[in-house]
Amino acid sequence: MDQYEVLEQIGKGAFGSALLVRHKLEKKKYVLKKIRLARQTDRTRRSAHQEMQLIATVRNPFIVEYKDSWVEKGCYVCIVIGYCEGGDMAEAIKRANGTYFSEEKLCKWLVQLLMALDYLHANHILHRDVKCSNIFIARDQSIRLGDFGLAKILTSDDLASSVVGTPSYMCPELLADIPYGTKSDIWSLGCCIYEMTALRPAFKAFDMQALINKITKSIVSPLPTKYSGAFRGLIKSMLRKSPEHRPSAAQLLKHPQLQPYVLQVQLKSSPTRNILPIHQSLTDKVKKMTFPSDVVDSARRRMARRNSLGNERTVTFSKPSPERNSVSSTRSIKEYTTTQSVKGLSVDSSEAGDEVTSKAIITKTSSILRTPKSLPAKTYTARNQLEPPKTSYNRTYRSELPSKTTPNKIARPARRASLPLSTYETPTKRSISILEQLDSPDVSVNAPRIDRIAEFPLASSEDPLLPIHNKLSPGHGSCSTPPFINRSITKDKCTIQVLRTDGDNGSDSSGRNATAASSRGSNDSRQQRFDTSSFQQRAEALEGLLEFSAQLLQQERYEELGILLKPFGPEKASPRETAIWLTKSFKETAS
């Protein structure tokens, strides 16, 4: 604190204050955010420290600049961030006094905000409080996204469930107690752009119930006709009720309406700054220049590298397809990730899922038989190498977390047919104990304005939002499942949990729970999910594994047998659950 001179207080909230300070040596102005720890709950104090750690790791030209942070006398968490002379967007809307912003300026601002969100989402970070008062304007009229007090880090396919944020910017799925993902930030950004365009809030009511009704029905007034139809349609697409129908940040950056402004932002940004990739349709000549020339035979090299290195993840680039045109930055190859369009599968599309999962299980079994000595290395692979990529948005360049996707389409071996599957696959082998390492901690930072964690009943829904990573409660025989998840997952997970906790007596109750859950689906969807031929293939794969184990036992090759059966021990949850599920599926088919 001795390095800074306090100039004035520029803001005050429920948990602290914001001070305008000047660095004594640099003579540059910054904002000092002081979060009070005294007389606060343990969660508030923990969240303040988590916010300090999170904002220190974020680096993007369109996110507020991080300068320094410390804990002052155990009473305050102090965070020093860049100062934006233009104030926040809420103040700018008031200063406009009814004068509309130009469409060009709004498009530039939207592109910058989308790049900031795309960077966060690519690093599995939900902002959860995108609103006009958290959007700041720099001296050069560029945008900075700030205030990570409610941000949350997601692990793998995990979803958030805490009802936090500002009510008028909350998405319908959040208000409906449905777990939400990155599309919730897209909704909030849509509300902001609507407010910046119409100079009035997208959703406004006299009481909370009326506000919730408007949001859940997505009732908004028409935008001013001053703006083009394409721009107005772009804003409306961000405010679609179903999160599956909402575009991701990466998809919005590809919108023809934003392409000219995306290129402008790319050219103005310094090449050394960590910005996101710009999706731009260019000539084949330019596209060839942006990729290494030594990757002509990239597919063959990937296969050789995968067989030789096991679980080590290496990103290799190939020439982009027409639907994945992009301009890459000049960073090192290790920081690259592949930008690709992902088509989500609905819950009922289980035929493709059955086929892909069957091939995955067979491939996994055969790889174990070929290279049993590589199993211990897989078991102790680092966590950051095991996180499967999200399928709700296109991959983007990022520096904080390594990428795990390539354009090739190969089956993901750790997925079951009942889970929503992506239309691509990763070229690396996954650890057998992946489910154990993907528990997502509650990293919600700062005490929320509205905070309650709901338990979600089993119910049917039209569309899935994201692939779900379910957590099992160690003390209960049934699990809480989002309404739109495939019910075959619920049946499987609950049965496994009861076998662990209650032994034989729990199998009856789990069967009843599974029957109740599965009976809610239609007969057609049930027949489609439980495909007889698919379960037969899984059973044959398991039978082949058992036969090979018996052969090793007869030949007294105990060391290799131990390596082969090690993943199925009591400490290895994922393969054990898989084996139980396969056996149960085969018994149901036979009966």
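Using N, Cα and C of the backbone, Cβ positions are placed for all residues, glycine too.
Predicted-model confidence for the domain 'Protein kinase' (4-258) is 90, expressed as mean pLDDT. The annotation domain 'Protein kinase' is assigned in Swiss-Prot to 4-258.
For ILE10, GLY11, LYS12, GLY13, ALA14, PHE15, GLY16, SER17, ALA18, LYS33, the entry in Swiss-Prot reads ATP binding site, with the evidence type sequence analysis. Within its own chain, ILE10 (ATP binding site) has ALA18, LEU19, LEU20, VAL31 as residues 6 or more apart in sequence whose C-beta sits under 8 angstroms from its own.
Annotation source Swiss-Prot lists active site, proton acceptor at ASP129, citing sequence analysis. Cβ neighbours within 10 Å of ASP129 (active site, proton acceptor), excluding its own Cβ and spanning all shown chains: 23.
Here Swiss-Prot flags 309-331 (among others) as region 'Disordered'.
What Swiss-Prot lists as region 'Disordered' is 382-408 (among others).
Feature annotation from Swiss-Prot assigns compositional bias 'Polar residues' to 391-408 (among others).
The region 'Disordered' annotation in Swiss-Prot covers 500-534 (among others).
Under the heading compositional bias 'Polar residues', Swiss-Prot lists 504-534 (among others).
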State, in Å as a whole number, the widest CA to CA span among the ATP-binding residues ILE10, GLY11, LYS12, GLY13, ALA14, PHE15, GLY16, SER17, ALA18, LYS33 given in the record.
-> 15
For the binding-site residues listed here, ALA14, ALA18, which shows the highest count of neighbouring CB atoms within 10 A?
-> ALA18
Binding-site residues considered: LYS12, GLY16; fewest surrounding Cβ atoms within 10 Å belongs to LYS12
